[in-house]
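Taken from Swiss-Prot, the feature active site, proton donor applies to E145. Marked as disulfide bond by Swiss-Prot: C22-C37, C31-C43, C34-C61, C36-C50, C54-C58, C101-C163, C175-C183, C301-C314. The annotation region 'Hinge region (Gly/Pro/Thr-rich)' is assigned in Swiss-Prot to 62-79. Swiss-Prot lists 80-321 with the feature region 'Catalytic', giving sequence analysis as the kind of evidence. Residues or ranges marked as signal peptide in Swiss-Prot (evidence: experimental evidence): 1-19.
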Amino acid sequence: MGAFALFAVLAMAVTMAVAEQCGSQAGGATCPNCLCCSRFGWCGSTSDYCGDGCQSQCAGCGGGGTPVTPTPTPSGGGGVSSIVSRALFDRMLLHRNDGACQAKGFYTYDAFVAAAGAFPGFGTTGSTDTRKREVAAFLAQTSHETTGGWATAPDGAFAWGYCFKQERGATSNYCTPSAQWPCAPGKSYYGRGPIQLSHNYNYGPAGRAIGVDLLRNPDLVATDPTVSFKTAMWFWMTAQAPKPSSHAVITGQWSPSGTDRAAGRVPGFGVITNIVNGGIECGHGQDSRVADRIGFYKRYCDILRVGYGNNLDCYNQRPFA
């Protein structure tokens, strides 16, 4: 064997011994310096990395590629139903079926569990406390997005999550011209479902990830409860550069970069709010919307009997670029 061939084999062996750097193989991490993430979880800038199967930053940090949902190794402690029973679900989302709620009868426990089954890492990663915090954080963020509560509401404002299933009074079709995710004629991409999925550039990749054409059928997010929950879980589980996935944050798989730390973005529930709506809610001191998200989170953690963790707000965090 020639010296060059021997070097190549040794280099390959060293490479294989190092953990993957990005994408689904690395908890949804993105590559530094706008490099592409290959289908195999490695960073680079050639067609081997940026071509077919590229997971993120396929055209640099300006876009390209389809965000990939990470599927971390489950802890082996059972599915999400082992963390949240039907009775607990009903207690947490106490007034979702109130007669005044637009979504009455829509958000069912069975749909929640079925959707979670399509994302094996959701609510199954890490210790029991980590799993509980993930479910609490997910339901808190989505409860804020769909809340029907008010300050003097029966049982408190934080008992009224999941009251709405679609945006009220939408005045835009939320269509951004895109060759990759073209809008269908006559369709609107306003907020729907638990996370209030908006814009064609989110409906497109969400639909591809769950196997449904949501560009042509966006109303499914407000008419099929399992599809609805799946879109929210897709958003939760999927890193979109430069943001990590909410799942990676709450399960402790995200390590903030120096840039993140300089911006005040450190692990905790607060950075998830930054991921969801940081451009509007974070970085300018106290904000009632951030406080509302925290209120839901604390209530759900209390019901699940788990600690809140640190860094709950994003008042002093700069939004992700």
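Each Cβ is built from the backbone N, Cα and C atoms, and glycine gets one as well.
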| request: Measure from the Cβ of C101 (disulfide bond) and count the other Cβ atoms within 10 Å, all protein chains considered. | output: 19
| task | Could you state the whole-number distance in Å separating the C-alpha atoms of C175 (disulfide bond) and C36 (disulfide bond)? | result | 27
| task | Please report the DSSP secondary structure of C301 (disulfide bond), reduced to three states. | result | helix
| task | Please report the number of other Cβ atoms within 10 Å of the Cβ of C183 (disulfide bond). | result | 22
| Collapsed DSSP category at C183 (disulfide bond) | coil
| note | For C50 (disulfide bond), the number of neighbouring Cβ atoms whose distance to its own Cβ is within 10 Å equals 20
| note | Cβ density check for C54 (disulfide bond), other Cβ within 10 Å (all protein chains) comes to 22
| message | Between C50 (disulfide bond) and C58 (disulfide bond), how many Å separate their Cα atoms? | response | 5
| query | Which of the recorded positions C36, C58, E145, C163, C183 has its Cα nearest to the Cα of C314 (disulfide bond)? | reply | E145
| Neighbouring recorded positions, C-alpha within 10 angstroms of C54 (disulfide bond) - of C36, C37, C101, E145, C163, C301 | C36, C37
| task | Whole-number Å only: compute the distance from the Cα of C37 (disulfide bond) to the Cα of C58 (disulfide bond). | result | 7
| task | For C36 (disulfide bond), list the number of other Cβ atoms lying within 10 Å of its Cβ atom. | result | 27
| Do you know offhand how many angstrom separate E145 (active site, proton donor) and C301 (disulfide bond) by C-alpha? | 18
| Rounded to the nearest Å - Cα separation of C163 (disulfide bond) and C22 (disulfide bond) | 37
